[in-house]
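Colleague: Straight from Swiss-Prot, here's the annotation block:
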REGION    1-69  region 'Disordered'
MOD_RES   SER6  phosphoserine
COMPBIAS  53-69  compositional bias 'Low complexity'
DOMAIN    79-334  domain 'Protein kinase'
BINDING   ILE85, GLY86, SER87, GLY88, ALA89, GLY90, GLY91, THR92, VAL93, LYS108  ATP binding site
ACT_SITE  ASP196  active site, proton acceptor
MOD_RES   THR224  phosphothreonine
MOD_RES   SER230  phosphoserine
MOD_RES   SER230  phosphoserine
MOD_RES   THR234  phosphothreonine
REGION    339-366  region 'Disordered'
Amino acid sequence: MRPIQSPPGVSVPVKSRPRRRPDLTLPLPQRDVSLAVPLPLPPTSGGSGGSSGSAPSSGGSASSTNTNSSIEAKNYSDLVRGNRIGSGAGGTVYKVIHRPSSRLYALKVIYGNHEETVRRQICREIEILRDVNHPNVVKCHEMFDQNGEIQVLLEFMDKGSLEGAHVWKEQQLADLSRQILSGLAYLHSRHIVHRDIKPSNLLINSAKNVKIADFGVSRILAQTMDPCNSSVGTIAYMSPERINTDLNQGKYDGYAGDIWSLGVSILEFYLGRFPFPVSRQGDWASLMCAICMSQPPEAPATASPEFRHFISCCLQREPGKRRSAMQLLQHPFILRASPSQNRSPQNLHQLLPPPRPLSSSSSPTT
C-alpha cells in the first residue's frame, strides 16, 4: 500500500515539539564568593553567560587524585579485577589493581546491552563527569568499552558507604554535612543534578573524607534547564513533588530535589533510622503516602535549635523554600564544623562508627 500523498501545491503543516517552555526555566544557584570552600563556575562550553576564565582547580585531596588519572583506555589490560564490592540496579562494582602503579581503583560495570542512542548518552555523561574534580566527589578516571560493555574506572573508597551509620554528636554530624554540601554545591555549580543522594551513595575513606558517589542516574542540565521528570533514583529519598507530579504545578527543580534527599539522609544519620514513620524497604504505596501526604519529618526537640532549623531548611514541602547547597554551607549549624577542630587525628578516629561494607560478597572474580 502506497502512503497517501498530498495534492501538488498543498503544504501540510508539520507539528513540531516546542524546544523549551519559559515557565519551566529554573534559576541556577548563584556563586557566593564568601564561601569557605571555593566553587568553580560552570564551564564556558556549557553556554553563554558563564565566566570567561576556566574553573579554578580544587586543592586538597583532589589535586592528589589527578595523579592517578593517567590511565589510558588502551591500558585496560593492566587492570586486575578483584572482589566485588557493590552492586545495584545500574551495575556491579569491583575492586581492581592497576598493575604498573599498584594503585587500587573501583571498576563499575554498567548492566545491559543499550541501544546506540542510549550508549551515546551514557558515554556523554561519563565524559562530562571525568572533568569533575572536587575533594568531596568520587573521581571518575576513565571509561572503557569492552565488547559492548561500558565500564567506568572510579576512585576507590576503602571504608565503603555510610549506610547504617549513626552519628548522634552534632559537631561530628556538622562536619559530615559540610563535606557533602561542599561536593553537592560544586556539582550544582556545574549544572549536574545527582538525583539519588542517599546514605549508600555517600562513601568514606580511611582519612575520613566523605565523597558523593554513583552518578548512574545523574543528569547533566543544559542552559535551557529542561525539567527532570524521569522517575530515577530511590523512592525513599525522593522529594514529594518528584513522586507526585501534581505538586508544584508539575515543575521539578533537580537542585531542590537533591537538597530534600540530603536532608532525609542527614536526619537518618542523626536518628539512626529512616526518619519517616514507615520502613524505607516498605511497599511503594506506604512510602509515597508518607512522603507526599504527611508533614516533613523534623529533628527531635532534644536537638539544638541550629540543627532543627538546618533540617527544616532542607525538608520544606515547597521546593522554592528549600535553601540551596551554597546557602546551607553558610548555615550556623554547618559553620560550627570548624576544620581546625574536626580534622585532628583524635576527632577523625571518632567521626563515624565503622560503616557497613558495600557488599557482603568477597569471592574473587576474574
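Heads up, the Cβ atoms here are built off N, Cα and C, so glycines get one too.
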Colleague: Tell me, how many other CB atoms lie within 10 A of the CB of GLY91 (ATP binding site), whichever protein chain they belong to?
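Modeller: Result for GLY91 (ATP binding site): 20 other Cβ atoms within 10 Å.
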Colleague: For the domain 'Protein kinase' (79-334), provide the mean pLDDT of the predicted model.
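Modeller: That stretch averages a pLDDT of 88.
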Colleague: Please classify the secondary structure at ASP196 (active site, proton acceptor) using three-state DSSP.
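Modeller: DSSP assigns ASP196 (active site, proton acceptor) to coil.
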Colleague: Have a look around THR234 (phosphothreonine) and count the other CB atoms within 10 A of its CB, chains all included.
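Modeller: I count 18 other Cβ atoms within 10 Å of it.
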Colleague: Using DSSP and three states only, what is GLY91 (ATP binding site)?
Modeller: strand
Colleague: Test of understanding: give the count of other CB atoms lying within 10 angstroms of the CB of SER87 (ATP binding site).
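Modeller: SER87 (ATP binding site) is surrounded by 16 other Cβ atoms within 10 Å.
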Colleague: Please give me the CB contact count at 10 A for ASP196 (active site, proton acceptor), counting all chains in the structure.
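Modeller: A 10 Å sphere around the Cβ of ASP196 (active site, proton acceptor) contains 25 other Cβ atoms.
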Colleague: Just to be sure I understand: of ILE85, SER87, GLY91, VAL93, THR234, which recorded positions have a C-alpha no more than 10 angstroms from the C-alpha of the residue listed as 'active site, proton acceptor'?
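Modeller: The recorded positions passing the 10 Å Cα test are THR234.
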